[in-house]
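*Asks:* Okay, here's the structure, questions in a sec.
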């Protein structure tokens, strides 16, 4: 099993990175938080790897942060959560927000993630809420989960545009503080946050 890769980052895009090690290019699935934290293409990168072996394929899932990998591996222990859905979850909500939502039994935040319905959200909470003490500390209440339904989508959009997570979070929170209604409307919040982040 591959547990760690160190090599040259040949290419990156949301959801995927290709890392060359000793002349071999490894196709690695990644979350949005990992994508936004990767160095420039051509730089050396180190990834913690989870290897998933199936009958017809071997898939690699990579993480810059060891804690994110541990949370990913905890998520896939839940029935109905495969590696691809776990990556979507960590992209739709940051690892910190995922832990916070599970601990708070916040089904609404979990069901905003594509592929996570009400029953799966309930199962995630039941199976994991007491198994997170050794993982990432829950994020404070302020931020996208508390800022309104559009906040997570706007955060994801800003990260995909290349903005750093702390700056994006601050812009979203400031926009909602100025106009609470912005938290309910993606277009309104996105435009407001974009003006603030620039």
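Here the Cβ of each residue, glycine as well, is placed from N, Cα and C on the backbone.
I grabbed these lines from Swiss-Prot:
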type	residues	note
REGION	1-64	region 'Domain I'
REGION	65-141	region 'Domain II'
REGION	141-145	region 'Flexible linker'
REGION	146-198	region 'Domain III'
*Asks:* Averaged over the region 'Domain III' (146-198), what pLDDT does the predicted model reach?
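*Replies:* Taking every residue of the region 'Domain III' (146-198) together, the mean pLDDT is 77.
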*Asks:* Per DSSP, how many helix, strand and coil residues does the region 'Domain II' (65-141) have?
*Replies:* 45 helix, 0 strand, 32 coil
*Asks:* Per DSSP, what is the helix/strand/coil residue tally across the region 'Domain III' (146-198)?
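*Replies:* Once the DSSP states are binned, the region 'Domain III' (146-198) shows 43 helix, 0 strand, 10 coil.
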*Asks:* Could you put numbers on the helix, strand and coil content of the region 'Domain I' (1-64), residue by residue per DSSP?
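*Replies:* Helix, strand and coil residues of the region 'Domain I' (1-64) number 6 helix, 39 strand, 19 coil.
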